[in-house]
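Enquirer: Before I ask anything, let me first share the structure, which is written out below as structure tokens.
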């Protein structure tokens with residue numbers, strides 16, 4: 001510590017779940033299992049949607065990108081968390097912490113906007129089916145996906161650079177299992193009111209703009225479904241949107257709540273458990289939700305898994 005009481009900005013300590021000393025091994029096993037399921041599930045969706053011509057549609061193109069975001073987001077947080085659950089000293093360098101926070105903010109922003117794009121896709125498919133192939137052609141879909149990915153860069157870069165430009169005082173302990181904004185703010189010893197103000201505005205815009213688009217899309221979708229003459233058509237139209245609705249609900253009930261809820265409204269350990277749900281549980285459940293009631297996806301996954309079994313049998317027979 002220097003004469004002004006500022007710490008040397010070289011490293012932080014992620015306290016994580018160190019308060020659960022007797023459950024470290026159990027947590028490691030559970031989170032490792034969920035991590036492997038997340039990686040396998042999302043990779044299978046990417047492979048199935050790429051290799052099966054029947055899935056070369058806008059909906060599955062967006063789903064592929066959602067799976068990529070989930071994989072990147074999970075890889076940014078979970079492997080380090082698993083290592084920290086085994087090691088006594090949970091050290092992360094200043095630059096690594098800043099980089100992790102940048103990717104967290106970037107991927108969450110991109111996912112918010114991608115879920116909004118997926119809602120618009122379902123709106124066009126249900127409400128304007130005759131114009132669907134024109135309005136959602138490959139060029140439009142590409143532009144929408146690129147916009148979703150790029151949308152995460154400016155706020156993530158700006159907020160991360162601004163946050164880490166502040167002086168840090170006292171202990172280096174981050175009361176979390178990854179570098180997030182709120183626990184890092186607690187270590188800063190200068191006035192952060194302006195940063196908090198802009199952070200709140202950015203959070204509201206990033207979360208609410210796609211949410212408003214999703215709500216508006218589903219209001220139109222529900223109105224269209226209700227006016228359909230046959231019950232069979234109504235059920236079919238609803239089922240095409242069900243998976244997306246479940247994923248949106250899951251995402252906003254975890255990510256949205258923790259980032260929009262006032263900082264003092266959540267206890268430290270409560271924030272960790274809530275964050276665990278959207279960093280580990282949600283990425284694992286998304287591929288399961290999209291595969292569970294989707295006949296085309298299940299058929300494509302059976303093809304992919306069937307090829308894997310065929311290749312393994314061929315390799316065994318050649319030996």
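Each residue, glycine too, has its Cβ placed from N, Cα and C.
Any TrEMBL annotation is an automated prediction that lacks curation.
Sequence annotations record features per position, and here TrEMBL assigns domain 'G-protein coupled receptors family 1 profile' to 41-290. Per TrEMBL, the feature transmembrane segment maps to 26-48, 60-79, 99-120, 140-164, 194-216, 237-260, 272-292.
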Enquirer: Considering pairs 6 or more residues apart, do the transmembrane segment (60-79) and the transmembrane segment (194-216) have at least three CB pairs under 8 Å?
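Expert: The answer is no, given that the two segments have fewer than 3 Cβ pairs within the 8 Å cut-off.
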Enquirer: Relative to the transmembrane segment (26-48), which of 99-120, 194-216, 272-292 accounts for the most Cβ pairs at distances under 8 Å?
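Expert: Answer, by Cβ pair count: 272-292.
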Enquirer: Determine the mean pLDDT over the domain 'G-protein coupled receptors family 1 profile' (41-290), rounding to the nearest whole number.
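Expert: Across the domain 'G-protein coupled receptors family 1 profile' (41-290), the average pLDDT comes out at 88.
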